[in-house]
Amino acid sequence: MRPYHKIPIFECGEPLMAIPLELFAVESPHPYEKLGATYGDRSPYYLRQSVIENLIQAQNYLQLLHPNWRIQIFDAYRPVAVQQFMVDYSFAQAVRDRGLTDVELSPNQRQEIWEAVYAIWAVPSLDEKTPPPHSTGAAVDVTLVDDAGEIVNMGSPIDEMSERSHPDYYANSDRPEAQKYHAHRQLLQDVMLKVGFQRNPREWWHFSIGDQMWAWLNNQSNPANPVTARYGRLV
Ligand SMILES: C[C@@H](N)C(=O)N[C@H](C)C(=O)O
Ligand SMILES: [Zn+2]
């Protein structure tokens, strides 16, 4: 259970729709499809209708500040089965990265790796009260592309299981490179928050609007006007 799972969900029934990809930059091939994740008759490039509208507004605002820059979509809608696939994949990859195999893991090593996995991945819960954020169609993982079509350097890749994923990891560094990464992360946050998204406090790339995490973050900064979630898990 994460603290945001206490937020009640009142599903509004808004449809899940295809993102107009021609407006954005897109990570292609899709990073999880490339690994074998399957989506049936849906696509990872789907979001709730008004989430798409907000994403378009965020890009419009970005282009006022930086003409011809674009938001790059890494991932959006994610069924719980894909959440499970990615959690299992990330665990297996972390075992390989440590030069180990599953059978030789000690209980402590196993626990340490699961903690690292769940530091960045939501639990693939099928409980309607605790949906993984992307299974609601309200969460999106994004970065920026500049006017030359180059991916803007944020100082760490999306989905890295390390401290570098924390949005403020580079905030207090004296190194000019690090200050640039922090400024890029701040720019991404500024354009997304300007139109109402909230950012996951643990990941510089994850934003949502209308889900439990979004409501919880809103309520942290504005407890006098608490909100609830309007998007639950899609079936
Ligand atoms: C790991 C990253 N792609 C992500 O989406 N993390 C959040 C917390 C999630 O799994 O919903
Ligand atoms: Zn995400």
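Placement of Cβ uses the backbone N, Cα and C atoms for every residue, glycine included.
So that you can see what the record holds, here are the features copied from TrEMBL:
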- E203: active site, proton donor/acceptor (ACT_SITE)
- H134, D141, H206: Zn(2+) binding site (BINDING)
- R78: site 'Transition state stabilizer' (SITE)
These are the recorded positions: D141, E203. Which one scores highest on other Cβ atoms within 10 Å?
D141
Run through H134, D141, E203, H206 for me and report the recorded positions whose CA is within 10 Å of the CA of R78 (site 'Transition state stabilizer'), in sequence order.
H134
The answer for which recorded positions (R78, D141, H206) have a CB under 6 A from ligand 1 is D141, H206
Counting only residues outside H134, D141, H206 in the same chain, those with C-beta within 8 angstroms of the Zn(2+) site's C-beta centroid are F74, D75, A76, R78, P133, A139, V140, N200, E203, W205, F207, S208
Sorry to bug you, but what's the C-alpha spacing from D141 (Zn(2+) binding site) to E203 (active site, proton donor/acceptor), rounded to the closest Å?
9
Please work out the number of neighbouring Cβ atoms within 10 Å of the Cβ of R78 (site 'Transition state stabilizer'), leaving out its own Cβ.
26
In sequence order, which same-chain residues at least six apart have a C-beta under 8 angstroms from H206 (Zn(2+) binding site)?
P133, A139, V140, D141, R199, N200
Can you see whether DSSP assigns E203 (active site, proton donor/acceptor) to helix, strand or coil?
coil
